[in-house]
Amino acid sequence: MVVLIAAMAVVTYIPRMLPFVMFRGKELPPFVQGVLKNVPYATLGALIFPAVFFIQEDMIYGAVGAAAAFGCAFLGANVILVVIGAITVLSAYSYFF
Amino acid sequence: MESNITARKAVEFKKGLQSGMSICIGYLPVALTFGLIAKTTGLTLSETVLMSLLVFAGAAQYISLSLLAAGTGTFEIVLTTFIVNIRHFLMSASLNEKASGDSVFGKMFYAFGITDETFSVAATREEPVTVWYMLGLVFISYASWVINSGIGFLMGAGLPQVLQDSMSIALYAMFAGLLVPSMKKSRKVVFLAVLAACFNSTFMLGKLMPTGWAIVAATLLSAVLVEWIEIMGRKRKVNQAEN
């Protein structure tokens with residue numbers, strides 16, 4: 001088991017670390033730089049959807065949570081408040097339904 | 001001068017801790033459940049905590065448990081872990097562009113703590129990303145992950161069901177909270193996120209590729225396509241101006 005865990009640790013660390021060494025002090029082509037600047041926002045979209053619909057068996061549950069989170073965020077709440085707001089809305093939702 | 005630099009490091013570390021608070025909350029139910037499932041899968045307490053200490057990757061750790069339960073061999077579990085975590089390569093490459101000229105060793109050190117969550121928080125930060133900011137951000141997230149994995153194992157039960165259910169939204173709510181302010185400021189961000197969400201949903205729901213690759217492919221496709229469209233648009237404008 002320890003060998004398995006150690007091997008999992010190594011293959012997880014390598015992709016996390018490699019870019020910092022590979023691209024050290026290198027000026028990447030402008031197009032690649034532009035793409036890498038786009039990555040965070042694209043990642044966020046892909047991290048949220050479709051996974052948020054499958055947090056519970058009932059897809060509506062995830063949809064309500066997502067709507068609450070996007071709603072709070074759109075109204076300008078900071079991240080912690082968005083998290084607490086979404087949890088509160090879903091607690092109320094499961095209490096009433 | 002010396003004390004000035006130390007003070008700045010302390011400020012950055014503290015800012016990192018603060019921006020990690022939402023990750024700290026978000027990891028709580030996920031890590032508790034991981035500890036719980038690890039126990040039922042037959043891991044010992046020290047193996048459970050060791051995995052969280054050394055791997056620090058939620059999705060991969062969950063998958064490894066279900067593979068262990070199915071009697072899958074070590075090599076396949078390690079390969080699956082690698083594939084599931086390959087997306088972090090893209091994230092580190094993106095963060096590297098934003099990280100100020102710190103020493104490469106500092107970056108190699110905090111690279112251990114690049115997760116979907118720490119990356120999202122750091123990459124949407126308005127100021128440049130410094131080593132000490134990352135250390136604070138990673139520290140609080142890592143502490144929550146490791147400690148709650150152990151607590152989940154020991155408690156042998158999750159949070160009360162209603163709270164457990166509702167807290168499962170926490171990380172997604174955090175992602176929304178990080179994304180929306182940028183969406184409001186830039187139409188490009190809206191396109192990037194919506195396009196990636198559509199690609200990923202198509203790949204996942206259509207079962208076109210495994211989870212790890214779907215996120216990588218969706219992210220890259222969206223990032224490249226939007227960049228390309230923007231450049232074409234700019235060129236056309238230049239051409240129109242010339243004619």
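Quick reminder: no glycine exception, Cβ is built from N, Cα and C everywhere.
Feature annotation from TrEMBL assigns transmembrane segment to B:20-39 (among others).
The annotation transmembrane segment is assigned in TrEMBL to B:59-84 (among others).
Among the features that TrEMBL reports, transmembrane segment is placed at B:131-156 (among others).
What TrEMBL records for B:162-180 (among others) is transmembrane segment. Within its own chain, the transmembrane segment (B:162-180) is flanked in space by residues 22-23, 25-30, 33, 116-117, 120-121, 124, 189, 193, which lie at least six positions past its ends and keep a Cβ under 8 Å from the stretch.
Look at TrEMBL and you will find B:189-206 (among others) tagged as transmembrane segment. For the transmembrane segment (B:189-206), the residues of the chain that approach it from at least six positions outside its boundaries are 179, 182-183, 213-215, 217-219, 221-223, 225-226, judged by C-beta separation under 8 angstroms.
Among the features that TrEMBL reports, transmembrane segment is placed at B:212-229 (among others). If one looks beyond the transmembrane segment (B:212-229) by at least 6 residues along the same chain, the residues whose Cβ comes under 8 Å of a Cβ in the stretch are 83-87, 90, 188, 191-192, 195-197, 199-200, 203-204.
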